[in-house]
Amino acid sequence: ATYKVKLVTPDGPVEFNCPDDVYILDQAEEEGHDLPYSCRAGSCSSCAGKVTAGTVDQSDGNYLDDDQMADGFVLTCVAYPQSDVTIETHKEEELTG
């Protein structure tokens, strides 16, 4: 399946379609959108965002704890969309405090 991903970035919102077997960060780059990242392996906070609508599968990541995921935080480098989803990007500072 392919879902609509909306990223709310500091430069304004962008939307694109993302297959459910492609990481959101990878698809964003394919579409020409620059997003923050570092390890690309789900083990740091550089690419962190916050899901405000929809659901993702980020089981490949290991950096976020259950509470952080329950709060909506997502690592875009290891997140597959499971529905149409809206994510606020550039949330590393909010995540790490």
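Placement of Cβ uses the backbone N, Cα and C atoms for every residue, glycine included.
Sequence annotations record features per position, and here Swiss-Prot assigns domain '2Fe-2S ferredoxin-type' to 3-93 based on sequence analysis. The annotation [2Fe-2S] cluster binding site is assigned in Swiss-Prot to C39, C44, C47, C77 on the grounds of sequence analysis.
Known features from Swiss-Prot, placed on the structure.
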residue	record	DSSP class
C39	[2Fe-2S] cluster binding site	coil
C44	[2Fe-2S] cluster binding site	coil
C77	[2Fe-2S] cluster binding site	helix
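Compute the center of the Cβ atoms of C39, C44, C47, C77, which mark the site for [2Fe-2S] cluster; besides them, the chain residues with Cβ within 8 Å of that center are Y37, S38, R40, A41, G42, S43, S45, S46, Y63, L75, V78. In the predicted model, the domain '2Fe-2S ferredoxin-type' (3-93) shows an average pLDDT of 98.
Contacts of C47 ([2Fe-2S] cluster binding site) defined by a Cβ separation under 8 A and a same-chain sequence distance of 6+ are given as L25, L35, P36, Y37, S38, R40, L75, T76, C77, E92, in order along the sequence. Within 10 Å of the Cβ of C77 ([2Fe-2S] cluster binding site) there are 26 other Cβ atoms, across all protein chains.
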